[in-house]
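What TrEMBL records for this protein:
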type	residues	note
COMPBIAS	A:29-40	compositional bias 'Polar residues'
COMPBIAS	A:98-107	compositional bias 'Basic and acidic residues'
COMPBIAS	A:821-837	compositional bias 'Polar residues'
DOMAIN	A:537-643	domain 'TMC'
REGION	A:1-111	region 'Disordered'
REGION	A:784-844	region 'Disordered'
REGION	A:856-892	region 'Disordered'
TRANSMEM	A:248-273	transmembrane segment
TRANSMEM	A:335-357	transmembrane segment
TRANSMEM	A:428-448	transmembrane segment
TRANSMEM	A:468-488	transmembrane segment
TRANSMEM	A:508-527	transmembrane segment
TRANSMEM	A:547-567	transmembrane segment
TRANSMEM	A:602-624	transmembrane segment
TRANSMEM	A:645-672	transmembrane segment
TRANSMEM	A:713-735	transmembrane segment
Amino acid sequence: MSRQTRDGVLNPAYHDSETLQMGRGSAQRPPQQNPYGSTERTYDEGLQASGRQDWDSAEHIPMASLAGGQSWDQQPGGLSNAGYEWDSASDPGGARAGDFREQERPRLRTKRSSILRQLRMRNSSLFFRGALSSSALGWLRLTAEDTQDKTAQEEQQLIIELVAMSFYDRVRAIRQLPVSLHEKKQIRKRVLLEKTSKKGRINWYMDCRDNFYLFHRRCSTFVTNAYHTLQLWQGGLKDIGGKFGSSILSYFLFIKWLLMFSIFSFLVNFGFITVPQLFDRDTVNNGTFKGLELLTGEGYFTQSVLFYGFYTNKSVTGGSSSNSTGSLLPYDMQLAYFFTISVYFVLCCLSLVYSAASSFHKNFMSASELSRSGRLLFSWDFRVSNDKAVRSRQKNLSTQLKELLSEHLQQKLCMTFDERIKRFGRHLLAWFVSSGLAIGCSAAVYFLCLYNVNSSPWNNRSDLTKEASTLLLPIVVSLINLIVPLLYSLLRNIEFFTFPRHELYTLILRNVILKMSIIGVLCYYWLDKVVNCGIPCWETFVGGDIYRLVVIDFFFCLFACFFGEFLHKVIGTRFFPRLGVPEFDIARNVLDLIYAQTLAWIGIYFSPLLPLIQIIKLFLMFYVKKFSLMQNCHPPQRSWRAAQMMTIFILILFFPSYVGVLITIAVIFWRITPSSSCGPFRGLNVPFDVIANWIDSITLPGSQWVVWIYNNLIQSVLFFFILTLLVLILIYVYYQIVVGRKKLIAILRDHIANEGKDKAFLLEKLKKLQSQSMSSLYQDPSLEAMGSKQDIQDREVRGSNQNGTPFEGTFPVQLRRAPSLQETSNRRQPTSFSGERQSARDAEREYVLPNVLQEPQQQPWPGAPGFQQAPPNYIPPDYPVDDDSSMEGGTLPVSDALAQALWARRQAEDEEEEGRY
Amino acid sequence: MGSSASQLTKELLSEYQELTFLTKQEILLAHCRFKELLPKESRNTMDYRVPMEKILTMPELKSNPFRQRICYVFSTSEAKDGSLSFEDFLDFLSVFSDSATPEIKSHYAFRIFDFDDDGTLDRNDLVKLVNCLTGDAPETRLSQEEMNQLIGNILEESDIDKDGTVNLSEFQHVISRSPDFVSSFKIVL
């Protein structure tokens with residue numbers, strides 16, 4: 001055993017267990033024939049006889065070569081986990097196939113630098129052993145000593161590694177161990193024990209770090225606990241998930257996310273803009289509250305903190321200006337307004353980019369290649385707990401799988417030229433209709449706006465009918481938003497999409513175009529027409545418009561819920577059963593939310609408290625939608641790729657919506673002159689002048705750096721030019737890295753596939769060789785010398801009787817996967833032994849490898865140093881035998897034959913590939 | 001159940017917090033729910049094992065097609081009867097919680113789907129898995145031919161080393177490419 005440095009890999013006990021797999025058929029072996037003992041003996045003898053045991057090298061051919069790329073490839077029992085640390089350098093001449101690949105290995109066996117990952121690997125094996133049922137252990141014929149020994153070793157190793165970790169890492173590592181809580185407790189106890197016993201060695205740095213992590217952890221648990229107590233709608237979300245699954249749940253989570261967004265923006269605006277304004281007693285509201293204002297935002301509200309116009313442009317000192325002995329520091333409203341809004345948008349941008357990027361990274365980058373069947377199979381929704389929902393889900397899944405399979409068969413359908421033209425025409429028509437509708441709607445909105453702005457007499461605001469007439473525009477816009485998407489979904493009757501996914505994406509695209517063009521028209525109207533038509537306080541007017549749009553949109557949502565879904569259900573269940581119960585349309589609903597959020601963002605400048613309206617709206621919407629969903633709808637028929645859809649929605653929220661808003665706000669800040677009679681920016685050319693004035697007025701000695709930054713960075717074109725250049729370079733570098741990684745991944749994939757092929761091939765070959773030598777055993781009388789024929793026959797009969805496979809128990813040469821293969825062959829060919837032997841002989845006739853068998857090492861092994869220069873103690877291996885009989889005949893050792901056959905196969909493959917190019 | 005905290009000492013609670021992915025509230029809630037499953041006379045002994053039949057009556061698990069597998073996988077009982085102690089129960093909730101990592105989730109998913117506990121998903125396991133997913137009703141069951149084709153497809157794309165079975169690393173590879181898995185492998189009390 002001296003040559004083996006990796007006790008896990010070449011531990012004789014370990015091989016015994018492998019060997020034993022062969023004999024698993026003979027389950028009734030008496031205990032004194034404990035394979036452990038018997039093979040241990042063989043092993044020692046073999047060692048003495050030849051100095052080298054080649055059979056373990058043969059055994060390692062597939063595994064060793066796989067080990068680099070795939071360390072998880074574990075045999076039940078977890079013993080082969082050691083392959084993870086397999087290092088062929090410790091086995092100079094042995095694993096030929098391993099050596100063959102040795103050049104590529106270092107690259108493959110990339111540094112698994114993360115200790116955590118290593119731990120997980122190791123402990124998955126640990127766990128497997130613990131978790132295996134006794135029957136599986138018996139199946140492997142592992143003895144209790146084997147496993148206990150190994151477990152103890154690994155645990156010891158694990159604990160040593162854990163002790164070396166910092167507190168934080170250790171907690172995480174232990175938490176991630178896939179073992180039961182009880183075992184985790186034990187491990188933790190032992191680690192702590194070890195830790196305290198080693199305390200004498202004071203490590204100041206480690207202690208400090210541990211304390212810091214402890215503190216950090218306490219803080220974070222406090223925060224998460226607080227968050228969990230505040231957890232909104234926990235029960236409601238659970239109900240929805242239980243009945244409708246994750247896809248619909250994602251809509252409600254989106255509502256929740258937007259709600260958090262709104263709450264945040266409300267807190268920011270309220271805290272930094274509204275509260276200081278409330279301290280200012282110069283501006284007073286003289287209006288009377290009538291009630292209709294709630295709907296229109298006119299009258300009383302125009303003179304309130306709700307809108308831009310009410311805010312002062314002075315510094316708030318806490319007292320009224322006549323009594324200017326205010327005790328507080330002056331608070332510059334202009335600066336506060338400017339900075340609050342800009343900082344809010346920057347924070348929004350960061351959080352949006354972060355969530356979009358992480359969601360994109362999670363759901364698109366890695367999800368590209370998997371076919372739908374796999375995705376369907378492995379993502380059962382464990383949240384669903386309603387009995388009916390489970391059954392309908394199972395039914396849906398079954399139909400989808402069936403469809404998928406039939407689709408798979410029909411996929412080869414080729415279209416003729418005529419059909420293509422027709423299809424193209426249909427799509428063109430549909431796009432024509434949809435764009436026409438969008439343009440028509442935008443034009444209608446534009447003219448309605450013009451009419452609105454021309455007919456509104458600004459001086460006569462108190463009239464109720466006039467006030468109500470302002471509702472015309474929002475009602476029309478909301479109607480468009482309600483009806484046109486329905487028309488769009490009717491277009492599916494014109495164009496027949498082969499994939500529902502395409503249909504969905506097209507629908508979303510059209511809806512986004514519609515909504516964004518309407519908002520675009522509105523923005524143009526506000527920033528061009530309204531500004532130039534001489535309204536005294538145009539910001540408040542625009543704020544009122546947006547307020548009405550948001551409120552009316554909410555009412556239309558309720559309307560659509562009650563009348564759309566409710567009526568649909570009543571009609572579908574009572575009168576036209578063909579119509580069926582409505583399905584919750586996630587795409588449409590989410591787009592509505594995005595539309596509303598866009599409006600709310602634009603409105604923040606004009607109406608700082610608009611987030612409050614948004615909060616109320618979203619809060620009520622959650623309950624209304626939930627109620628409508630529970631009462632009227634049934635779960636979606638098709639599996640919704642919820643995660644990917646959510647990514648798309650966040651991207652939409654970012655790209656046309658947020659970026660558009662940002663552009664609008666930028667135009668307002670830098671280009672548009674604010675109204676001269678109201679609002680914080682009155683009297684300025686553009687709102688951005690606030691900053692210039694402020695910089696000019698800075699006189700404090702310590703704050704010169706602010707001026708410097710403003711002059712040299714903010715106002716300097718060169719700075720932005722260089723910044724852009726740097727960012728571009730960075731992007732290019734990352735792009736190149738991505739390209740390189742992609743190539744590497746492709747290579748590694750090829751590699752794994754190749755290894756897999758090698759393994760299958762070797763298994764095949766091994767079977768052939770086994771059957772071949774089997775028959776030669778029967779034919780060759782000289783074999784008597786090696787052991788009684790009777791003995792061999794006995795063994796074979798034993799194997800066949802119990803397992804139906806004659807080869808087991810005869811040759812310890814074994815590949816890791818052999819059990820599964822044998823099992824499949826068992827299932828496939830439950831023939832009697834004689835039949836099997838016959839077929840084996842047939843096979844032999846076909847597949848005999850004369851040159852391989854007669855001329856060993858005729859070919860030098862390419863790229864395998866271990867092969868070309870056999871190590872000094874290398875002795876041509878002979879047949880490994882599990883009993884005391886040894887075979888020294890004219891037959892070439894199986895390992896060599898296999899290795900050569902493998903090499904021949906690879907060469908043939910290479911030639912084939914060369915021929916292709 | 002106001003007195004629920006009385007049984008869980010502070011040290012135990014913080015230990016559980018350290019060893020699982022659960023928060024304090026979730027552990028306390030789990031404790032409450034677990035106590036409801038206990039028979040009246042043994043409510044004060046924490047090491048009582050709740051038999052599998054009792055666990056399966058929980059509304060969260062009642063209709064789950066994998067409920068028995070879940071019990072067997074998380075049970076540490078010597079008798080392999082699927083009974084759960086409180087710690088097993090916490091283990092189960094920890095794996096199915098929001099904050100559990102995808103690795104640990106896929107690890108346990110693999111064990112749940114590995115019906116014969118042999119460490120790989122072979123054809124039989126996949127057949128059972130598909131049957132669980134499509135239900136027992138004759139109209140939803142896949143025919144033999146469809147089943148073969150489906151499993152062929154799955155093996156084709158997930159069995160990277162082409163040995164006819166899906167092992168843990170291959171399974172985790174598949175899971176890493178199906179983003180819905182993490183969000184759907186959750187059970188909340």
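Each Cβ is built from the backbone N, Cα and C atoms, and glycine gets one as well.
Below 8 angstroms of C-beta separation, residues 294-297, 301, 306, 470-471, 473-475, 477-479, 481-482, 522, 582, 592, 595-596, 599-600, 603, 607, 610, 613-614, 617, 620-621, 624-625, 628, 631-633 of the same chain, each at least six residues beyond the ends of the transmembrane segment (A:547-567), sit close to that stretch. If one looks beyond the transmembrane segment (A:602-624) by at least 6 residues along the same chain, the residues whose Cβ comes under 8 Å of a Cβ in the stretch are 233, 236, 252, 255-256, 258-259, 262-263, 265-266, 269-270, 273-274, 297, 305-308, 311, 337, 340-341, 344, 519, 523, 539-540, 542-543, 546-547, 550-551, 554, 557-558, 561, 596, 661, 664-665, 668. Within the same chain, residues 691 sit at least 6 positions outside the transmembrane segment (A:713-735) and bring their C-beta atoms closer than 8 Å to a C-beta of that stretch. For the transmembrane segment (A:508-527), the most Cβ-contacting stretch among A:248-273, A:335-357, A:428-448, A:468-488, A:645-672 is A:428-448 (pairs under 8 Å). Non-local neighbours of the transmembrane segment (A:428-448) in the same chain are 472-473, 476-477, 480, 484, 487-488, 491, 494-495, 510, 513-514, 517-518, 520-522, 524-525; each lies 6+ residues outside the stretch with a CB under 8 Å from one of its CB atoms. The helix, strand and coil residue counts that DSSP assigns across the domain 'TMC' (A:537-643) are 84 helix, 2 strand, 21 coil.
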